[in-house]
Each structure stands twice: as C-alpha cells, then as structure tokens.
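One structure is given below, encoded as structure tokens.
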Amino acid sequence: MQRQVALIKQSLFDQGYLDEQFMELEELQDDANPNFVEEVSALYFKDSARLINNIDQALERGTFDFNRLDSYMHQFKGSSTSIGASKVKAECTTFREYCRAGNAEGCLRTFQQLKKEHSTLRKKLEHYFQLARQAGPKETARRPK
Amino acid sequence: MTRDQVGEELPNLAESKLTALVVDDSFVNQTIHQKLLNRLGIKNDVVTNGKEAVDVYCSGGNYDLILMDMDMPIMNGIQATKRLREMGIESKIAGVTTRANEGEKKEFMEAGLNDFQEKPLTISKLLSILHKLNFYVQT
C-alpha cells in the first residue's frame, strides 16, 4: 500500500501535475496537523471552484473585460502556485497572456484547457489522499527521487 | 538561505516571543503562511486585506513582523504599507507576492518594506526574511 502511494505521488511529479511546492507543504505536516496538505488542497479546490465560476460567468456575458478576467486569473494563479499545481499554473499564465493581448478566442480556448487540468488534478489528488490516509502518515513525508 | 543550508533541524523561536501578522486575501495562502509561522514557534494572527491590518494597529495591536501580500481588495499591500509607515509604525514589513517584475517590486519596496520575497513562501524563504531582519541568527 505504501509503495502504491509512493508510485502515485511520483507519477504526479513525473507527469508535471505537481511541483516542488507540494513537497514543501508535505514537509509542514506534523502530529498536530497530519493531514495538512489534504486540508490545504481542499481549500484550494473550494476557492478555485469559485474563481472558475466567476470566470465562466464573465465569459458567458460575451463582453470581454480583460482587466477583470486578468484579476481573477491572477488570484487563481497565486493559489495554484502556492499548492504546487504546476499544469494549472501554466494555463493561468497562458490565459493572462491572452488577456494582455486582448485575444478573446485564446482566452476561451485556454480556459477550457485550464478547467480540464484542474479537474484532472482534483481527481488524482483525491485518489492520492485517499490511499495515503489508508497507508498511514509515514509515506507522505518523503521527497520523491 | 536554502533548506540545505538550514538543515533538517528547524529553529524554534517560541522563546523569542516573536509575533507576526499575516495580511493576505487568499485563504490558501493564509493557511500556509500561518502554518509556516507556527512551525517556527511564532505566534501569529491573520487579516484579509490592508485596511484590516491598519485597523488592527489603530486599535492598539502590534506585531514584530507583518507578512504583507500586494494584491488585496479594499486596500492593497502598497497602500497599507504606506499608511502604516505614515502612522509611525516601525514593525518590520516583508512583502510577499507573486508579482516579481522589477517595477512592481520597486514600488512595493518604496512604500516602506523591510524585505521582499516572491511567493510561494517556504520555510527557507521565511527564515531568510527573519535572518535579514535580525530576528534569527543561524548558529
């Protein structure tokens, strides 16, 4: 079970879903907060769902307020960076570039990709945390090689 | 200061009785920054924008260190830092933000910061802040 957890975590890094920042968070886990990373991740997905909804509504209006969209995406990028959500962060960066260029089609296309990456990461992390809880606290504290 | 330079043993600064105020509108960042401070034994509180930080000081609150985000609603980090310095507040203020181009950094520093770190904040970066502001001396 522990080996399975380690392999899943390794694959999340190898496939670029997570970066070093996720490991920084795991190293903050202690006896007082053994599920700290899972709690922060839950906060992230709750907060990012709100931002996705805001952006969806803004895009559906059809009038592209690039400043407002950029502001939402700045927040999204910030929290994605903080938990090490590497692919999501990259899509946020691309979206912001399209905002600055005033490229509505680029924004729409990138946002669809961002939602896919976000959803994929959510499912993978839910699976990882479920297994990690079953395996026990030891395995989550080590850096992947 | 890298994690390797710090070593695996983290300092416990509880005896120094340092206090810190986290100023950030993101719940994710608030949680992480508080955890980092707790890990080092630094008592801390959190507010969600610059105005709340100013209000805390107006009500008589005081902290050794403020971790100040830049982009916040109502009052951003630059405005809050300027306001605190105008009030004569001498707490050390470290700007912590994802905005890292030189112009934005310069504007934030000129508002009255003592130090600046790019997000995401880590133990190493926090120790670097504490070391630079003479709150922590590596032995």
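Note that Cβ sites are derived from N, Cα and C of the backbone, with glycine treated the same way.
Here is what TrEMBL says about this protein:
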DOMAIN    A:33-128  domain 'HPt'
MOD_RES   A:His74  phosphohistidine
(request) Enter the number of other CB atoms within 10 angstroms of the CB of A:His74 (phosphohistidine). (result) 16
(message) For the residue listed as 'phosphohistidine', which of the three DSSP-derived states applies: helix, strand, or coil?
(response) helix
(request) Summarise the domain 'HPt' (A:33-128) by DSSP state, stating how many residues are helix, strand and coil. (result) 84 helix, 1 strand, 11 coil
